[in-house]
Amino acid sequence: MNSSSTLTVLNLTLNASEDGILGSNVKNKSLACEEMGIAVEVFLTLGLVSLLENILVIGAIVKNKNLHSPMYFFVGSLAVADMLVSMSNAWETVTIYLLNNKHLVIADTFVRHIDNVFDSMICISVVASMCSLLAIAVDRYITIFYALRYHHIMTARRSGVIIACIWTFCISCGIVFIIYYESKYVIICLISMFFTMLFFMVSLYIHMFLLARNHVKRIAASPRYNSVRQRTSMKGAITLTMLLGIFIVCWSPFFLHLILMISCPQNVYCSCFMSYFNMYLILIMCNSVIDPLIYALRSQEMRRTFKEIVCCHGFRRPCRLLGGY
């Protein structure tokens with residue numbers, strides 16, 4: 001948000017023309033591209049689907065003791081971050097509907113505060129997602145290259161402390177975002193954080209997969225080699241690769257929008273790109289919808305627990321039968 005903003009995420013979803021730090025900030029859009037409009041119902045539908053899916057993920061992790069491991073705890077943290085995006089967008093959509101239909105009449109100053117909260121929730125969500133993905137990456141790295149010592153290095157207590165630190169840091173970032181919403185340096189800091197964590201994760205992946213093949217050959221000769229554990233570890237690494245790839249695809253346009261908004265807000269071509277901001281919000285919400293599908297696709301245990309919760313909650317005997325398939 002800058003000094004000229006009156007409404008950011010709210011106005012963007014309504015296709016309004018005010019400027020904002022998370023908004024389109026396109027003053028020359030009439031010379032380039034008209035702002036892309038997306039129905040409010042699309043935002044609400046994706047938000048509700050994402051909310052239900054990620055509640056299901058968290059419920060599965062809580063319900064199934066076989067999922068009580070550091071990796072799935074970090075997956076739960078990622079699900080909470082995804083759920084935060086869906087909640088903020090659903091709340092935003094309801095607020096827009098109430099304002100448009102005059103069911104809610106509030107002062108512009110209070111609307112600005114609501115906007116700040118929405119922006120802060122997006123900030124918290126993206127930082128929490130990045131930190132959770134980084135934690136999963138480190139966990140998979142330890143699992144693959146320190147398999148025999150994994151349970152001594154990554155305990156449930158340590159993973160809990162890591163998650164607590166992640167969310168303390170993310171909430172602090174959100175508070176700073178609200179306090180200094182008029183400063184562009186907050187956005188620069190967010191962009192820098194995104195690319196820094198992305199660099200660390202990609203570097204870790206390159207290192208991990210370059211060494212993985214030689215490492216597998218070396219430990220295969222060991223009498224203590226556990227092929228099942230190794231396959232499980234590699235499967236977890238592939239799952240994380242999919243999560244990271246989807247995260248990059250869905251969030252990169254949003255951060256490119258922020259970069260262009262700061263560097264060339266008056267440029268016609270930059271303005272044209274920024275006119276599609278609503279689509280970038282949709283991509284962010286799609287990320288939170290796709291992640292649970294990846295969990296279900298890659299984890300048989302997660303699929304079984306989903307089936308128990310969705311199809312036969314409260315009917316334990318049929319659930320056990322279904323779990324056998």
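A Cβ is built for glycine as well, from the same backbone N, Cα and C atoms used for every other residue.
The topological domain 'Extracellular' annotation in Swiss-Prot covers 1-37, 98-114, 180-186, 266-273. Residues or ranges marked as N-linked glycosylation site by Swiss-Prot: Asn2, Asn11, Asn15, Asn28. The transmembrane segment annotation in Swiss-Prot covers 38-61, 74-97, 115-138, 156-179, 187-211, 240-265, 274-297. As annotated by Swiss-Prot, topological domain 'Cytoplasmic' applies to 62-73, 139-155, 212-239, 298-325. The S-palmitoyl cysteine annotation in Swiss-Prot covers Cys311, Cys312 and rests on sequence analysis.
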Neighbouring C-beta atoms (10 Å sphere around the C-beta of Cys311 (S-palmitoyl cysteine)): 11
Contact ranking winner - 38-61, 74-97, 115-138, 274-297 against the transmembrane segment (156-179), Cβ under 8 Å: 115-138
Helix, strand and coil counts within the topological domain 'Extracellular' (180-186) (DSSP): 3 helix, 0 strand, 4 coil
Residues of the parent chain within Cβ reach of the transmembrane segment (274-297), under 8 Å, 6 or more residues beyond its termini: 9, 12-13, 15, 23-26, 29, 32-38, 42-43, 46-47, 49-50, 53-54, 56-57, 75, 78-79, 82-83, 85-86, 89, 122, 239, 242-243, 246-247, 249-251, 253-254, 257, 260-261, 265, 303, 306
Intrachain residues whose Cβ lies under 8 Å of the transmembrane segment (187-211), provided they are six or more past its termini: 21, 123, 126-127, 130-131, 133-134, 137-138, 140-141, 144-145, 173, 177, 237, 241, 244, 248, 251, 255, 258-259, 261-262
Positions whose Cβ lies under 8 angstroms from the transmembrane segment (240-265), at least six residues beyond its ends: 21-22, 24-27, 78, 126, 129-130, 133, 136-137, 140, 184, 187-188, 190-191, 194-195, 198, 201, 205, 271, 273-274, 276-277, 279-281, 283-284, 286-287, 290-291, 294, 298
